[in-house]
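Asks: Below you'll find the structure I mean.
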Amino acid sequence: MEVLYSLSKTLKDARDKIVEGTLYSNVSDLIQQFNQMIVTMNGNNFQTGGIGNLPVRNWTFDFGLLGTTLLNLDANYVENARTTIEYFIDFIDNVCMDEMARESQRNGVAPQSEALRKLAGIKFKRINFDNSSEYIENWNLQNRRQRTGFVFHKPNIFPYSASFTLNRSQPMHDNLMGTMWLNAGSEIQVAGFDYSCAINAPANIQQFEHIVQLRRALTTATITLLPDAERFSFPRVINSADGATTWFFNPVILRPNNVEVEFLLNGQIINTYQARFGTIIARNFDTIRLLFQLMRPPNMTPAVNALFPQAQPFQHHATVGLTLRIESAVCESVLADANETLLANVTAVRQEYAIPVGPVFPPGMNWTELITNYSPSREDNLQRVFTVASIRSMLIK
């Protein structure tokens with residue numbers, strides 16, 4: 001994997017910097033590195049593809065070295081270099097696609113394709129190593145079963161979940177109380193509602209709770225907490241739990257009271273915030289617990305009082321909500337990230353070449369299914385294919 005990254009980094013630099021008119025002295029070190037790559041690769045043969053519709057291709061390396069010059073690089077020099085660069089880039093692209101198409105239930109973090117396994121051989125250690133990539137660094141650690149640490153922005157840590165729980169219900173569905181939520185990606189939105197606006201609750205206060213367990217622990221997370229859940233702020237028709245009927249939800253938004261958010265790790269509270277909105281920090285957690293209240297307003301203007309009558313029918317439904325959004329966090333496991341294209345790149349390659357469903361990844365690389373059942377085998381394979389995708393993205397956009 002390190003060799004693949006070093007090859008890609010060298011090729012990217014060569015493609016960007018070996019251009020007509022450049023002083024040789026400005027790129028002499030790069031050209032020496034490029035020549036070392038050629039010397040190491042010459043005489044070797046590789047094969048890629050042969051899975052799904054990814055065609056089998058054979059690769060032979062027999063290239064001349066780039067020479068020295070006292071002046072600027074001329075058109076012939078650059079054209080000669082370009083021919084070599086383009087062949088190498090095509091090779092790297094196919095090695096990456098071959099690797100992204102494969103998976104293994106055992107030791108899935110290790111190279112799976114024939115070509116990448118061959119590049120891991122001792123003879124290729126002479127290629128200049130550049131391990132500055134976060135993914136390469138963490139792949140090395142994971143490969144040695146040591147602690148990794150990926151920094152994600154907008155991590156897709158929450159499997160998609162949209163549902164409701166009714167704490168008070170009746171066949172007519174005309175006086176309901178409960179919670180509804182939408183968890184997806186890096187965001188939780190939860191709303192507590194009471195058709196009667198807590199008129200019969202103790203002290204006219206309804207208490208709500210929403211607990212979300214993460215599939216992997218996060219550390220040093222920057223989080224935004226808002227006293228609103230905009231996705232539940234407009235009328236809607238909702239299917240009943242048994243699917244036998246539908247019920248009408250017509251929210252009127254109130255501000256939540258006594259809001260508390262707890263971040264827990266292995267059942268122990270690590271951080272707690274009360275009535276604090278905006279940016280908050282969570283040190284280490286695998287569970288989020290949200291507590292909030294709906295309080296019937298003690299004083300109401302006639303217009304507000306008309307919204308919340310003392311008895312049925314209740315045409316407007318008192319609702320309070322919260323939004324919790326993870327802006328950035330560190331995770332020991334690799335995750336999809338809304339700010340990265342790695343999952344999209346891997347999925348696109350597997351779809352384009354009709355890669356058959358294997359023993360590890362779900363059909364279509366369904367992220368909700370993948371993260372819901374995030375096994376060690378999936379984690380290993382995902383770290384490998386994301387590392388390869390990050391390498392490929394240097395050369396192929």
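Each position is counted from 1, following the chain as shown.
Cβ from N, Cα, C; glycine included.
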Asks: Please find, within the list 14-25, 62-73, 170-181, the residue stretch that Swiss-Prot describes as region 'Interaction with the inner capsid protein VP2'.
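Replies: Swiss-Prot lists region 'Interaction with the inner capsid protein VP2' for residues 62-73.
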Asks: In the same chain, who gets a Cβ under 8 Å from the region 'Interaction with the inner capsid protein VP2' (62-73) while lying at least 6 residues past its ends?
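Replies: Tertiary neighbours of the region 'Interaction with the inner capsid protein VP2' (62-73) are 18-24, 27-28, 31, 34-35, 38-39, 41-43, 80-81, 84, 87.
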Asks: When you measure from the Cβ of D286 (Ca(2+) binding site), which residues in the chain that are at least 6 apart have a Cβ under 8 Å away?
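Replies: For D286 (Ca(2+) binding site), the qualifying residues are Q213, L214, R216, A217, L218, L264, L265, N266.
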Asks: Sort the residues of the region 'Interaction with the inner capsid protein VP2' (62-73) into helix, strand and coil with DSSP and give the three counts.
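Replies: Per-class counts: 0 helix, 1 strand, 11 coil.
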Asks: At a 10 A cut-off on CB-CB distances, which of the binding-site residues H153, N266 has the highest count?
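Replies: Of H153, N266, the one with the most crowded Cβ is H153.
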Asks: Using DSSP with the three-state reduction, classify H153 (Zn(2+) binding site) as helix, strand or coil.
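Replies: SS state of H153 (Zn(2+) binding site) = strand.
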